[in-house]
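Features of the protein shown, as given by Swiss-Prot:
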type	residues	note
BINDING	Ala73, Lys74, Asn75, Gly76, Thr77, Gly78, Lys79, Thr80	ATP binding site
COMPBIAS	14-27	compositional bias 'Basic and acidic residues'
COMPBIAS	413-424	compositional bias 'Basic and acidic residues'
COMPBIAS	436-456	compositional bias 'Polar residues'
COMPBIAS	457-509	compositional bias 'Low complexity'
COMPBIAS	521-547	compositional bias 'Polar residues'
DOMAIN	60-230	domain 'Helicase ATP-binding'
REGION	1-27	region 'Disordered'
REGION	412-547	region 'Disordered'
MOTIF	29-57	motif 'Q motif'
MOTIF	178-181	motif 'DEAD box'
Amino acid sequence: MSDDWKANLNIPAKDSRPQTEDVTKTQGKSFEEFGLKRELLMGIFEAGFEKPSPIQEESIPMALAGRDILARAKNGTGKTASFIIPALQQVKTKLNKIQVLILVPTRELALQTSQVVKTLGKHLKLQCMVTTGGTLLRDDVMRLDEPVHILVGTPGRVLDLAARSIADFSECPMFVMDEADKMLSREFKGIIEQILEFFPKNRQSLLFSATFPLAVKSFMDKHLNKPYEINLMDELTLRGISQFYAFVEEKQKLHCLNTLFSKLKINQAIIFCNSTNRVELLAKKITELGYSCYYSHAKMPQQARNKVFHEFRQGSVRTLVCSDLLTRGIDIQAVNVVINFDFPKTAETYLHRIGRSGRFGHLGLAINFIHWDDRKSLFNIETELGTEIKPIPSDIDRSLYVTEDEASIPRPFKIDELPKGNEHSRKRNGYEYRGQPTSQGFPQQPPQANTGYNQVPQGSPQAQGLQGSPQGLQGSPQGIPQGSPQGIPQGIPQGLPQGVPQFPQGYPQGIPPQGPQAYQNYQIPPQQVPAQFNGHSQYSQYQSQPF
């Protein structure tokens with residue numbers, strides 16, 4: 001085949017960052033060898049794809065041959081394109097019916113996946129629709145009156161559309177599940193079973209994930225027809241991601257996080273907490289330190305979640321605090337640092353969290369804050385994953401996680417339009433951040449003190465039990481402060497929510513100190529750290545002082 005048609009393609013600059021064997025150890029195949037439509041090849045190359053990754057080499061030919069597939073590969077190795085490319089190849093644009101259903105567990109992942117479909121298939125003149133909970137059902141009804149070839153959605157909304165006979169899957173030949181382990185958990189499995197009742201018996205099913213528990217095996221035996229099994233998980237951990245832990249008490253975590261902000265070179269960072277309340281409180285504290293920060297969790301209105309996700313993907317802010325909402329499949333290649341502010345309880349959660357950095361075989365950094373209650377979890381995760389999470393050194397070699405040429409980092413596929421939510425619109429400028437995102441290490445002017453704080457009386461239930469917790473996250477706010485948009489902290493809210501910890505003696509009652517300089521006079525007393533910590537012995541340098 002002549003390559004003249006490639007000459008006029010708008011191909012982005014080559015990604016020059018080093019990659020690990022997870023994506024470079026291939027059989028040397030090219031996308032042209034798969035017999036794909038030229039229009040599809042044009043979209044693939046214009047998206048910056050150069051050659052297939054190992055999972056793509058294994059899965060695309062088998063999917064094109066019509067086989068059911070059960071594929072297991074590491075996070076960030078190209079699983080999404082492994083099912084989107086064969087789906088695009090087999091869609092008949094002249095047939096105005098849903099021909100592919102792609103199910104994903106979260107709304108953010110649905111948005112991202114639909115955009116990959118549109119980007120790779122932009123020369124095919126096909127129609128892709130995304131449908132998730134939290135958006136207006138009538139918008140989906142109106143959209144499905146028009147041709148839709150590929151439907152990307154979350155299980156609950158897809159089942160609703162099918163049960164109401166709004167979406168017709170009776171002639172849909174391809175069924176795809178991404179993050180299949182999550183999709184077949186107790187939360188979703190019953191819904192998936194009901195959705196499949198609307199499909200023809202001779203459908204093709206593609207299941208992709210990084211982990212496959214027993215639930216996936218039972219589903220495969222029941223619903224897949226002699227599936228072709230792919231397992232590229234020779235080890236569970238992700239190559240290219242340097243993993244460290246810092247032993248800190250709860251009240252020292254914010255202090256250590258501030259130190260990391262000043263020492264690390266962060267392109268973009270995701271910070272994980274174990275609860276939605278702690279997500280909001282930590283985002284508020286980071287903003288008080290003078291750093292721009294967004295947050296996201298499952299209890300936020302969908303329109304706010306969409307806005308935060310879109311802004312973070314486009315690089316409008318460097319730091320995102322979130323719950324495990326964004327551990328699944330989210331691909332933002334500029335993220336080079338993941339911080340587990342709260343250490344996860346399971347190896348599966350840990351693996352998906354740190355997999356948000358080091359995408360597609362590139363380098364990344366994962367830092368875990370550990371305290372005494374996390375000893376067992378640390379040991380179990382190291383044992384199950386067969387990896388070592390090392391004590392954090394005083395200086396982390398930047399070559400482990402930094403790309404010197406930041407211009408070479410590919411920008412994410414642009415999301416054309418965000419779905420409208422069904423929640424009430426927020427006030428004017430409800431999503432506007434009242435400060436510009438900062439360069440790393442140079443905090444912007446911190447928010448000005450507000451004299452209208454409610455005082456917490458001495459001896460009251462709110463004040464008792466909170467003394468001595470100056471910077472930690474003991475307690476949690478009750479709801480969202482009035483006037484503070486979802487996901488974007490606006491400095492310090494009016495009043496002190498119940499459960500917010502008190503600050504060092506000498507500060508006015510109920511008024512947190514302002515900006516990084518407010519913490520300079522507060523010395524954290526050194527703590528005694530034992531020599532042994534579940535098999536680790538190098539703890540002498542982590543005695544509560546900044547590392």
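Every residue, even glycine, has its Cβ placed from backbone N, Cα and C.
Annotated features taken from Swiss-Prot, shown on the structure.
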| residue | record | CB count, 10 Å |
| --- | --- | --- |
| Ala73 | ATP binding site | 24 |
| Thr77 | ATP binding site | 23 |
| Gly78 | ATP binding site | 23 |
| Lys79 | ATP binding site | 25 |
| Thr80 | ATP binding site | 23 |
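Restricting the average to the domain 'Helicase ATP-binding' (60-230) gives a pLDDT of 90. Note: the motif 'Q motif' (29-57) comprises 17 helix, 0 strand, 12 coil (DSSP; helix = H, G, I, strand = E, B).
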